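The annotation Zn(2+) binding site is assigned in Swiss-Prot to Asp238, Cys240, His290. What Swiss-Prot lists as N-acetylglycine is Gly2. The feature phosphothreonine is assigned by Swiss-Prot to Thr3, with similarity to another entry given as support. Under the heading repeat 'PFTB 1', Swiss-Prot lists 20-61. Feature annotation from Swiss-Prot assigns repeat 'PFTB 2' to 68-109. The annotation repeat 'PFTB 3' is assigned in Swiss-Prot to 116-157. Annotation source Swiss-Prot lists repeat 'PFTB 4' at 164-205. Under the heading repeat 'PFTB 5', Swiss-Prot lists 212-253. The repeat 'PFTB 6' annotation in Swiss-Prot covers 260-302.
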Amino acid sequence: MGTQQKDVTIKSDAPDTLLLEKHADYIASYGSKKDDYEYCMSEYLRMSGVYWGLTVMDLMGQLHRMNKEEILVFIKSCQHECGGVSASIGHDPHLLYTLSAVQILTLYDSIHVINVDKVVAYVQSLQKEDGSFAGDIWGEIDTRFSFCAVATLALLGKLDAINVEKAIEFVLSCMNFDGGFGCRPGSESHAGQIYCCTGFLAITSQLHQVNSDLLGWWLCERQLPSGGLNGRPEKLPDVCYSWWVLASLKIIGRLHWIDREKLRSFILACQDEETGGFADRPGDMVDPFHTLFGIAGLSLLGEEQIKPVSPVFCMPEEVLQRVNVQPELVS
């Protein structure tokens with residue numbers, strides 16, 4: 001007998017319409033409660049939190065409700081002498097938060113707020129001889145950081161600052177027999193890493209190196225009877241994988257391989273009808289992270305009330321058109 005499949009049951013009274021205004025109100029009020037326990041405890045990833053909130057507000061056409069000046073001052077104060085950006089004031093710089101900062105500034109058309117040359121030098125300094133990237137000076141290697149590096153430089157128009165060929169070589173060395181990618185060579189395939197690697201290969205024009213049918217099959221197997229998607233076998237579904245899996249499928253031209261209606265129902269069931277926002281699963285606590293990826297997933301599914309989203313950068317397509325960054329996808 002095989003292992004029993006892990007899944008959730010969606011109740012008959014679960015939300016089935018998009019509560020857009022409630023989500024906008026939830027995000028708009030989130031940053032104003034600066035003495036909340038939840039807000040204080042998320043300081044270590046604040047820069048990414050700001051990116052999640054601003055991006056989802058822009059996708060909903062509500063960016064004007066956020067305090068642009070306060071955010072720009074915050075980002076400027078998080079850039080370090082080395083060029084990298086930290087999650088919050090007084091924290092160490094990291095590639096993850098450097099990308100988030102560049103995404104926010106691109107959203108606001110305010111890249112001048114930081115020293116771009118120093119950002120480029122910082123990204124450059126984190127590339128290793130084998131082409132991989134460390135996330136920071138402490139040296140953890142992960143394909144997520146390869147994506148962060150090329151995404152940051154692509155938005156700045158400085159992709160030629162690194163050894164792109166070696167970077168491609170490293171990412172391809174992380175490809176597995178099932179078509180997926182792990183965090184390092186030999187690591188298990190995981191939907192989050194697959195998103196990073198397919199996004200990386202889209203930015204570097206190397207998607208022809210991917211076996212789209214094999215990878216598409218692995219990604220489609222992430223869909224469970226509830227309609228939700230998990231990140232790897234034997235895991236529960238989670239709204240954030242509505243983004244990582246769906247965006248990867250869009251990048252490799254296989255979005256039509258999953259049951260879109262069942263996924264849409266699962267995402268909508270994860271809304272909180274009282275507070276607004278999305279949770280990882282129906283009935284759980286909402287947060288800005290799952291709210292962005294729920295809304296972005298619905299955008300990829302063609303939700304007309306939401307702006308079209310870039311499957312590579314998780315930013316509004318109109319923003320990327322403005323800065324002329326258009327990675328090629330598999331048609």
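Backbone N, Cα and C define each Cβ position, glycine as well.
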Report summary line: With the greatest number of Cβ pairs under 8 Å to the repeat 'PFTB 2' (68-109), the stretch among 20-61, 116-157, 164-205, 212-253, 260-302 is 116-157
Report task. Within the repeat 'PFTB 4' (164-205) only, compute the mean pLDDT. Result -> 99
Report summary line: Mapped onto three states, the DSSP assignment of Cys240 (Zn(2+) binding site) reads coil
Query raised in the report: Which one of these stretches, 116-157, 164-205, 212-253, 260-302, has the most C-beta pairs shorter than 8 Å to the repeat 'PFTB 1' (20-61)?
Result: 260-302
Requested in this report: Report the residues of the chain - excluding Asp238, Cys240, His290 - with C-beta within 8 Å of the mean position of the site's C-beta atoms, for the recorded Zn(2+) site, in sequence order.
Outcome: Val239, Tyr241, Ser242, Trp243, Cys270, Phe278, Ala279, Asp280, Phe289, Phe293, Gly294
Query raised in the report: Are there any residues in the same chain, six or more apart in sequence, whose C-beta is under 8 angstroms from the C-beta of His290 (Zn(2+) binding site), and if so which?
Result: Asp238, Val239, Cys240, Cys270, Gly277, Phe278, Ala279, Asp280
Requested in this report: Ten-angstrom check, please: count other Cβ atoms within 10 Å of the Cβ of Asp238 (Zn(2+) binding site), all chains counted.
Outcome: 24
Query raised in the report: When you measure from the Cβ of Cys240 (Zn(2+) binding site), how many other Cβ atoms are you left with inside 10 Å?
Result: 21
Report summary line: Helix, strand and coil residue totals from DSSP for the repeat 'PFTB 1' (20-61) stand at 33 helix, 0 strand, 9 coil
